[in-house]
Amino acid sequence: MVRVIAVSNPRLAQAFVDYMTTQGIELRVHNTGEAAEIWLADDSHLEQVQHELQQFLIDPLNSRYRAASWQAGNTDADLHYQGFSYLQTLRSKAGPLTLGVMALCIVVYILMQILGDDTLMYWLSWPQDSSQYLQLWRWVSHAFLHFSLLHITFNLLWWWYLGGPLEKRLGSGKLFVLAVVSAFFSGWAQSLFSGALFGGLSGVVYALMGYCWLSGERAPERGLMLPRGLMVFSVLWLVAGYFDILGMSIANAAHVAGLVLGLLMAFWDTRHRAHNEQ
């Protein structure tokens, strides 16, 4: 049995379970009092369930979900849909650390628009010389700097999509360690090529991509996954950055370092399971 997700609205959980029943996949709802947990009996269907869940959370009011509830005989499954919102979707998939980092990045971005990039870079950028080495926040705070609306939107969507489930399943501590370590090493790698003039959460995002993808491949029961198609796209995007065909400045070294680190951490965390299967 694999826990797929926990949601605050039990009617919503039942609607998704009913829909997956029409797809030939058995899910169960367990009410804990604080949330409704959805569990998957056969983990070989985990990737399909995760994909369908993403579509469901984007548009839970879609008629196909209501139709599935009627077909399954749960005709009251849609009575409380009006209480669901995009904010609830955001919160249901993310823990406090995921949401906190998103809020911090947004605040820093707004301040950069008001005070200018240079002001925030002065306080948050990667250490420029040895005199700043003891300003310990600089080793990770560069990840909160974003230089365009597209930059911050792209990174925060990926951070929420990958970091939220990781925090929900493995805890805030695991996400914190992965984020801090990947911010440090991706920043160090990028500084070798561009000095201290860089910023963004993309090094951490690539670490999450590597971690979630390899964890899903080696230990699907952990409940983490990244579809192979998205992983291929991410690697192609990384490669495209080296050929300057995207027409924008990209921290390529940070991306590579983050991806490699995420893969290594996932390999280490799943080593015992792989050993036990041999």
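From the backbone N, Cα and C atoms, a Cβ is placed for every residue, glycine too.
As recorded in Swiss-Prot:
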{"type": "ACT_SITE", "residues": "Ser202", "note": "active site, nucleophile"}
{"type": "ACT_SITE", "residues": "His255", "note": "active site"}
{"type": "TRANSMEM", "residues": "95-115", "note": "transmembrane segment"}
{"type": "TRANSMEM", "residues": "143-163", "note": "transmembrane segment"}
{"type": "TRANSMEM", "residues": "170-190", "note": "transmembrane segment"}
{"type": "TRANSMEM", "residues": "192-212", "note": "transmembrane segment"}
{"type": "TRANSMEM", "residues": "224-241", "note": "transmembrane segment"}
{"type": "TRANSMEM", "residues": "245-267", "note": "transmembrane segment"}
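Here the CA atom of Ser202 (active site, nucleophile) lies 6 Å from the CA atom of His255 (active site). Of the recorded ranges 95-115, 143-163, 224-241, the transmembrane segment (192-212) has the largest number of C-beta contacts under 8 angstroms with 143-163.
Count of Cβ pairs under 8 Å against the transmembrane segment (170-190): among 95-115, 143-163, 224-241, the largest is for 95-115. Using a Cβ-Cβ cut-off under 8 Å and counting only residues 6 or more beyond its ends in the same chain, the transmembrane segment (143-163) has close neighbours at 90, 93-94, 97-98, 101-102, 104-106, 108-109, 112, 117, 120-121, 124-125, 175, 179, 183, 187, 199-205, 208-209, 212, 226.
Ser202 (active site, nucleophile) counts 26 other C-beta atoms within 10 Å of its own C-beta, drawing on all protein chains shown. In the structure as shown, the Cβ atom of the residue listed as 'active site' sits within 10 Å of 27 other Cβ atoms.
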